[in-house]
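Before any comments, here is the structure.
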Amino acid sequence: MKRQTSQLLREAEDRCRQSGRQWTAQRADVLAVMADQTGPVTAYELLDAIKSVHPNPKPATVYRALEFFMELGLVHKLDSANRFVLCSHQHQHHTAQFLICDGCGHVDEIPVPAKLLDVLEEQSARLDFEMADKGLEIHGHCSNCRHQH
Ligand SMILES: [Zn+2]
Ligand SMILES: [Zn+2]
């Protein structure tokens, strides 16, 4: 379910101000372009898309904006695919969980019960392992891709 870009920007601005950070036009542009994408994008694809708004975007500005939105929980990075995607759950969760299609690259963000994270934490504590990133990335094939074959 895609929220309207203007609403997304308002929410992002609110979240930004609540955390005492600065909301800038550049950041708003990056998020707006991000919202126009149909799925997860690489930093290069995003930079390319931003050219429709700014003729000469600075890569560093775009990367910094992405990092900023990741800190706010509005954007997630899919490490295994090296792509960025908007949070689709308004971040009522502490980590991000993704189903990634290896066929078409489609990604769904799914809510995972706190219970599952508790189990993971328990198991890693038993091995005295400290988890840094609790995001789960699950690879497979989506319904569309499977039914084409
Ligand atoms: Zn999320
Ligand atoms: Zn697929």
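Keep in mind that glycine also has a Cβ here, set from the backbone N, Cα and C atoms.
The C-beta environment of Cys145 (Zn(2+) binding site), restricted to residues of the same chain at least 6 apart in sequence and closer than 8 Å, consists of Cys101, Gly103, Cys104, His106. The Zn(2+) binding site annotation in TrEMBL covers Cys101, Cys104, Cys142, Cys145.
The Zn(2+) site is defined by Cys101, Cys104, Cys142, Cys145, and by the 8 Å test on Cβ atoms against their centroid, the other residues of the chain that qualify are Asp102, Gly103, Gly105, His106, His141, Ser143, Asn144, Arg146.
For the recorded site, Cys142 (Zn(2+) binding site), the DSSP three-state label reads coil.
DSSP classifies Cys101 (Zn(2+) binding site) as strand under the three-state reduction. Among the binding-site residues Cys104, Cys142, the residue whose Cβ has the fewest other Cβ atoms within 10 Å is Cys104.
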